[in-house]
Amino acid sequence: MEWRKWMVLVVTIWIQAFSGTNFDFSAYSSDMKSALGISQVQLNYLAVASDLGKAFGWSSGLALLYLPIWTVLLMAASFGFVGYGLQWLLIRNLLSLPYFLVFLSCLLSGLSVCWFLTVCFVLCVRNFTHHNRSLAISLTVSFNSISPSLYTLAASAFTPSSSSSSSGPIYLLLNAALPLFVSAAAILSILRQQPPPRLPDKLPHTAATHDSIIFLLLNVFAFLTGLYLLLFNTVSTLPSVDSLLFGGGLLLLVMPLFIPAVISARDRAQRAVTDGGPAFGSFKIIDINESQLLKSLLDKVEVEEKWWWCWWKKDRVETLGEDHGVLKLVRRFDFWLYYASYFCGATVGLVYINNLGQIAQSLGHNSSTAAILGVYSACSFFGRLLASAPEFLRQKVYFARTGWLALALIPTPIAFSVLVGSDGLFALMTATGLVGLSSGFVFAAAVSVTSELFGPKSVGVNHNIVITNIPLGSILYGLLATLVYDANEGSSRLVTLRSSDGAAAAACMGRKCYELTFMVWGCISLLGLAVSVALFLRTKPAYDRSERDKV
């Protein structure tokens, strides 16, 4: 039943592509602000509420321990349907809600995104072995970042050409309906079927090589899909043309189905042959033992047992894949190094993106916000695709995954240095691209790191504990940005902006509005880089030992 795991992978790609609904908040935030009559600070709290949903993401891991995966997927879609549905009714003036209930609806929407992600992670863990699990995760997670482009094309396609109203309600309606529709299609197509038997710890060399080639093909296909959406996302202003472009995007998402279809046909043909060989030939196995002698020699080098060396080695992860329960997890020093590197690295980039609209406005580039968001979406997508590069390069250049994670954090402090040095549009786009590339890689690689360091069995719970740093960072880093913004209103140019309904709002203009924030965020990201290097040095022996066991 080899075709089944590839069908599950395609279904996971669909779910990821339509579940990144938290990326389009800026598309309807003005409508929300106008409908509620709230301040910019209160609107920012609604954005934070979506991230706060991740603080309860561990509940999805618990649910998966007791419920079938299709049930959890349906619950995730239901959370989003209710959360975004209430917001759609609100901005269409069909329902009146107090601010507190709107906050809860945003939290519920954010929780649905987290549940979707957990379902996708667990599907990859259950259907792929350790050899290819990280490839499956990084590939599927990369499609989560194309959601803004897909929803932009969908919103343009479904917006009447004669309509002069905002497209905000369309985004909310799509956020509520499309994930539910895709989830139902996934459940009916494959997820209601009997799950496969427990996977072996290792695949035969022939099967592993065959899978790697298919993953390489899928990554090439994903690259072309991202390129298509990047090039055509802002080409047209006509709904009829946008409908064709949206249809093209959907076609690109459906085309990977040819892989499980071909594999299924091959299996049937092989069963029909009494004693035939492989239907599509065989693959040459290259057994690479280069540098094995060097590794053996390095292992024999004895290190003087100084007190600091004993402290450094104490309680570090010795074996990859060892399952950790919650209590064992939080007692691990390596876990807190991992948590801090994520908190001070990728989470800073995520908060930057949440504030990007206001940052662009303060620097005088408000008209280019959509283009800047497009740069982030594209760079985040390609950053997530790059997260699979370590697997393809493993036989040529082996490097511990925690080391790749540390390298991925380098662009973030560079980005904030660029923003401190210049307020031009090119500098803003460059910095945003660097942040997207860095955070995209980390988001895609982090699940594999969690699985490797703390075991695949409880990854649904453990990784949701890791990402509780996101709402914490959203609150703290967002509060910092708000305080600096408000403190500079008096010394900066203050303008009055008016929304489509005539409501007035004050906005701080000039470099001072965020300059100190960029400096502090840059220092925090440097700290995250230092912590990630420490994590790499502590876990490198475990990765080296695991790599030696494979050859």
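Glycine too: its Cβ is placed from the backbone N, Cα and C atoms.
What TrEMBL says about this one:
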- 5-260: domain 'Nodulin-like' (DOMAIN)
- 322-540: domain 'NFD4 C-terminal' (DOMAIN)
- 72-91: transmembrane segment (TRANSMEM)
- 97-123: transmembrane segment (TRANSMEM)
- 135-158: transmembrane segment (TRANSMEM)
- 170-191: transmembrane segment (TRANSMEM)
- 212-232: transmembrane segment (TRANSMEM)
- 244-263: transmembrane segment (TRANSMEM)
- 335-353: transmembrane segment (TRANSMEM)
- 365-386: transmembrane segment (TRANSMEM)
- 398-419: transmembrane segment (TRANSMEM)
- 425-449: transmembrane segment (TRANSMEM)
- 461-485: transmembrane segment (TRANSMEM)
- 518-537: transmembrane segment (TRANSMEM)
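The stretch with the most CB contacts under 8 Å to the transmembrane segment (425-449), chosen from 135-158, 170-191, 244-263, 365-386, 398-419, is 365-386.
Under 8 Å from some Cβ of the transmembrane segment (72-91) lie the Cβ atoms of residues 15, 19, 21, 28, 31-32, 34-36, 60, 63-64, 97, 101-102, 105-113, 115-116, 118-119, 168-169, 172-173, 175-177, 179-180, 183-184, 186-187, 191, all in the same chain and six or more residues away from its ends. Of the candidate ranges 135-158, 244-263, 335-353, 365-386, 518-537, 518-537 has the most C-beta pairs within less than 8 angstroms of the transmembrane segment (398-419). When each of 170-191, 212-232, 244-263, 518-537 is checked for Cβ pairs under 8 Å to the transmembrane segment (335-353), 518-537 comes out on top. In summary, the transmembrane segment (170-191) does not lie against the transmembrane segment (212-232): fewer than three C-beta pairs, each 6 or more positions apart in sequence, are under 8 Å.
For the transmembrane segment (135-158), the residues of the chain that approach it from at least six positions outside its boundaries are 9, 12-13, 16-21, 23-24, 27, 117, 120-121, 124-125, 127-128, 167, 170-171, 174-175, 178, 211-212, 215, 218-219, 222, 225-226, 229-230, 232-233, 236-237, 239, 242-243, 245-246, 249, 373-374, 377, 380-381, 384-385, 387-388, 391, 440, 443-445, 447-448, judged by C-beta separation under 8 angstroms. For the transmembrane segment (518-537), same-chain residues at least 6 beyond its ends with a Cβ under 8 Å from one of its own Cβ atoms are 334, 337-338, 340-345, 348-349, 351-352, 400, 402-403, 405-406, 409-410, 412-413, 416-417, 419-420, 477, 480.
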